[in-house]
Amino acid sequence: MTDLKSILVKFQSIIALLVLCVVLTILSDKFFTLENGWNIARQISINVCISVGMTMVILTKGIDLSVGSILAFSGAIAAGLLKYGLEIPSMNTYIGFTVFGAILAGLTVGGGLGVLNGWMITRFKVPPFVATLAMLAIARGATMLWTGGFPITGLGADFAIIGTGWFLGIPMPVWITVIVVVLAVILTKKTKFGRHIYAIGGNESAARLSGININKIKTWVYAIAGILAAVGGIILTARLDSAQPNAGMSYELDSIAAVVIGGTSLSGGRGSIMGTVQGALIIGVLNSGLVLLNVSPFWQQIIKGVVILLAVIMDRLNHPNED
Amino acid sequence: MKKPLTYFLIALILGIVAYNSVYIKKLDDVKKEQTKATFDAKTYANDFFNSKLETVSSTAAADFLNNIKADVKGYSEENGNKLGISTDYYFIIDGNASVVEIEDEYILVTLDDDHQKMKIATDFIFGNAIREGTQMAHIGDYQNTMDYNNISVESNNIVRETILPPFIQKVKKSDSLYFKGAVRLNTKKPKFEDLRVIPLVLKIKK
């Protein structure tokens, strides 16, 4: 009996996902189709990228509320540089950016803002909630300044491929997401860095005493979260062929939801990247199903909230002794 | 020996990355290119109204109303223009009519052909109905959607500033007139009584 319970607990996300798929297949004949499958995969790819970074942050007992804004800013930077380049009138010089250069700039900005988050948290001991909340506002304001409040559109076919292209019959965003997930799984499960992340989240004092450079690991984790938010921003910008100043609003909440539903503990030290992928899948499938069933958007919000709450309650019941 | 090699490799990688990331030009040259390539929506819309509008084919308003009421979806799909996956269809219609009422937002007319009533918009002018109805521009031809949107804005301005004011000054109840204009209809929720013609040509007949 205990074995069965432990199996159910271990695979609760997959079981929930399967049950959800079966129910939606029965209720809607449009759900279980290849086209809808690719739609869901494309839609969740951005959330998965962000959530992978968020998982690492939460594993260290942190939180990153700025991912949505970093996503918007990075996407806007990439789009702006690609479209308009940089002008240096005093030197009569124009620096144009290739697609590769624009992407690199977006990723660098995302990583830079992540480092700034990490620095505020480790150097000045600002609580992660507050530091990243501040970054949420700063990055959003910076996006508005950079774009002037208007979308940057017409980024060209080469850039659009990232968001709308297909390779070997699979959408490009899905390829990017798979690469991100594989690298993150290797990083968290097979490297010293990954073990340090779990150690810090499990017991920070013990980790410090055992010689782990807490500040360095945390800063890296926030940097990775920033870079992955930028990856999401570039995919979104390419998919829409425009950088919207209000892109990524409330993405941080979807991301936290995916992490929590995927079984990662908000107390840190327990969870996995694959769990988060399952969490993002559950949210994506739920979103798709509710739309196909013509459920009012207001009810959709409520249902999603209830699912998140249930996931946390289940987690608490399964781990009653956790802080 | 190891350190200089490392620095050399880092510099080499950075160099390759930079070479593939950016290109440098003289700012003056870029500005010149940009000036050449700048799209002027105002000129484009004016050219269209001055020289191409007459060639835009239209359907007799009475025929349009009869056909659209009989089979809104089929008629729209066959004869209307739409943007992307929208269910809003746009048409160009024309006709002779008599003025019944002059309201703040529209002029109500009776068609000479079969006495059906239509509204000619005089307040809320939707440039996109003109753009889509006449097919004066196609979104795929524009890399910058702002340029595409500006065509709609400029069309709106032309109607508002040059077509409507002289007409509104002169028009009276019972006047006979000729009109040609764009109509938008949502095929999902068609409201025939709310159809308004966005005027492109308005002539009061003596």
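Any Cβ shown, glycine's included, is placed from N, Cα and C.
Checking TrEMBL for transmembrane segment across the ranges A:250-272, A:273-295 points to A:273-295.
Matching A:65-82, A:191-208 against TrEMBL, the residues noted as transmembrane segment span A:65-82.
Of the candidate ranges A:40-58, A:65-82, A:128-146, A:166-187, A:40-58 has the most C-beta pairs within less than 8 angstroms of the transmembrane segment (A:273-295). Against the transmembrane segment (A:40-58), stretch A:166-187 shows more Cβ pairs under 8 Å than any other of A:7-28, A:128-146, A:166-187.
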